[in-house]
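First up is the structure itself, then whatever we jot down about it.
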Amino acid sequence: MAADSEPESEVFEITDFTTASEWERFISKVEEVLNDWKLIGPSLGKPLEKGIFTSGTWEERSDEISFADFRFSVTHHYLVQESPDKERKDEELEDAIPQSMQDLLCMNNDFPPRAHCLVRWYGLREFVVIAPAAHSDAVLSESKCNLLLSSISIALGNTGCQVPLFVQIHHKWRRMYMGECQGPGVRTDFEMVHLRKVPSQYTHLSGLLDIFKSKIGCPLTPLPPVSIAIRLTYVLQDWQQYFWPQQPPDIDALVGGEVGGLEFGKLPFGACEDPISELHLATTWPHLTEGIIVDNDVYSDLDPVQAPHWSVRVRKADNPQCLLGDFVTEFLKICRRKESTDEILGRSTFEEEGREVADITHALSKLTEPAPVPIHKLSVSNMVHTAKKKIRKHRGEESPLNSDVLNTILLFLFPDAVSEKPLDGTTSIDNSIPAPEAGDYTLYNQFKSAPSDSLTYKLALCLCMINFYHGGLKGVAHLWQEFVLEMRFRWENNFLIPGLASGSPDLRCCLLHQKLQMLNCCIERKKARDEGKKTSLSDSTTSAYPGDAGKTGGQLGLDHLRDTEKEKGEVGKSWDSWSDSEEEFFECLSDTEDLKGNGQESGKKGGPKEMANLKPEGRLHQHGKLTLLHNGEPLYIPVTQEPAPMTEDLLEEQSEVLAKLGTSAEGAHLRARMQSACLLSDMESFKAANPGCFLEDFVRWYSPRDYIEEEVTDEKGNVVLKGELSARMKIPSNMWVEAWETAKPVPARRQRRLFDDTREAEKVLHYLAMQKPADLARHLLPCVIHAAVLKVKEEESLENIPSVKKIIKQIIAHSSKVLHFPNPEDKKLEEIILQITTVEAIIARARSLKAKFGTEKCEHEEEKEGLERFVSCLLEQPEVSVTGAGRGHAGRIIHKLFVNAQRAAAVALPEEELKKSGCPEERRQTLVSDFPPPAGRELILRATVPRPAPYSKALPQRMYSVLTKEDFRLAGAFSSDTSFF
């Protein structure tokens, strides 16, 4: 019984072979990726066109897999092509070898100038690469390499994928790949050798042919012919007789008068070093066979001059120093500084002298002014010394800018200062009529900068140049200090600021430009007021405010009236001017109180008989047709105050105040009153000019659409016109009615000023004085970028480079978006400057190449045009073919460049090296050689032979070799028949 029970007690161990190992899971993941990308089964594309590897579109897609805890990235690289016709495709797929094997023999795209390294080495249009995901990871051991190769071989066999699959091994900088491609009964193995030092027997064609033949091991005799493609690359680094001519501008020479002060308005341009560092000449023999050429360790038939194909590429200098880019970059750096002008210069910029006088004046101002201005006031009375005296005081020996430079800049900014007295109105330019040749004149609208002939624009250029060449930040602070003092001097002495458009501030420009325009408006108003006082005191007939009604009546007619009505339709430009101001505009006349009394008593009724007895004042001219409804007197257009000009910050401030009033009835009423200051002023002027008038009379002139006339028949049967106010004018508590009832008959010259030029000018001057250099740079940076873009466009027009035109359009579009924001980000500004520098470098490269190839020295127009096209292609394309190779016009020039460089190198050789070079004949040969030893030797060997057996299918074999000073690489693709071996 015991014996019988023993077998039953035994436990059998069962091995489950369905449990996948890490290796099997890895293979499964590779297959899964290939399936997802639909790389299963045969694929056949169109024959490769010449140059398609460079001109075509390459795309890639990636995924990530892992082998245990080691991560790999899988990337599919492929050339985008149209799929062939379905019928043709089905015919060709029968018994066809994989597409990649056919590509090994294609000669249309040997040595592509820009392509993936595997494309260059093997001529493939599609392939998959498995590489370690982390940059630092590497597959180093031979066993791991073999494991990965086994994995991809199994995955290709299981899926039927005919796309080559590569594995990257060793460190990534070595670019070492092993791979495989499988087809029906065929297989191609991709192998590679990478050495730092090349064995001497493999430096020439004969040695490489030996390797190729031994590798394919063809048993046939004679061996099928081997097709050979050879490329030798020569590098030219020494540009003899073509020194880079660009020199930084000499500011001292400019100030000394050699060039002239106007050079301060021009930005520099160009590279400080040659932006072309090397020229690479590739001499190619695309179709050779083994028997027609000799290249061994003793003799070579490979003469570059006799090569049938030449191509050239240029190597650009890395980040060449460019003047324009440096100028703008340095100016941008000021925006990041935090020091004030006083801190930089180490003294108070606007310190006052004569404290006793200042204190007395301040005391008087307290007595005469009802409310102080809520800013530190630099009033005219406090300016005991003129701005010019202050300039002399502040300009000491320690000043960052010497007097010659400063005077040259100030004369450039203020050309009217050449005469003893600045010109009057002629100093202000009219930007509304740009020069017809200035097609880019309106570019400032897009950049929110300033017109290119304006003072603000010139100031930006001068500050940019001073920052770069004269004192940096201190020089900028010094010039700004002098500029602000000049502004005050002009305000005090009624001298208009040159280089600014007349009229209200242009909100399309930068805020600083608007502030200067506002100051100019103040000077104009002050000047007109002062002249008006003089003429009224002398009883001149050319008074600015004529009181005699009959002198100008009916002169301008109905057209002028319509313009005036349109102008008067705008209501309430300044809330600030409505409030009780400490500044009074009216003159202290003896009958003012009587006038007020009459006005208050009669204002409520609108136009009573008592008002008709008042003397008319402030008439501009008689209206062409209209008469007063009440008494039939002619209607006179009054002299009115102009609305207050405003800058964008004042408009924003006004909007905030109006918004804070809320939506209540009281707030809305107060808002309406604040906005009706201009309307109230015009009503008072109208009442003063037309005693006995009614609201209807005012509306007929001021807003004709609100007075409705219709034809009616009177009692006698006559058709007459009868008019009445519009519906909106009849609304109870109408703002117009309220304003009319409160308006008094006061002419414009006696009214409180809508625009207090004294206060506004002081606010502007205070604003300018408080600007730090960083604030100033922020204001002016749009002008500097604007100037840089104009400079780039000007320089490009001389060269006519298509790619540069495209980049300039991108710069303008980008800048327009960025600069319209109040405080653009530094990163976005740096991007714009980088684009400008890129364009500058491209133009500098074009000029460098034109100088080297001597385009201006060509005697024949055809040769010149051909060279210019050649230079343009060198800038646009990675590699350019030389028409006629060494025998063409461009080829002869390139040959001459190499000859000159060789001769210069031979002269520079020391005697010891000449002695070492051997016999005199060898020395002579070395010196006479037109070209240096090739910097790179590339060979492609191809053959179609049966492998591994004589009866195997004839399949493509290929080996690529590259030899440089640094390394030696062999990349072989060897196909074999897996059915008949």
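Glycine is treated like the rest: Cβ placed from N, Cα and C.
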In Swiss-Prot, the member of SER9, SER62, SER574, SER581 to which phosphoserine is assigned: SER581
Out of SER83, SER504, which residue gets the phosphoserine annotation in Swiss-Prot? SER83
From SER428, SER540, SER579, name the one Swiss-Prot lists as phosphoserine. SER579
Where Swiss-Prot places region 'Disordered' among the ranges 181-207, 532-558: 532-558
Starting from the Cβ of SER83 (phosphoserine), draw a 10 Å sphere and report how many other Cβ atoms land inside it. 10
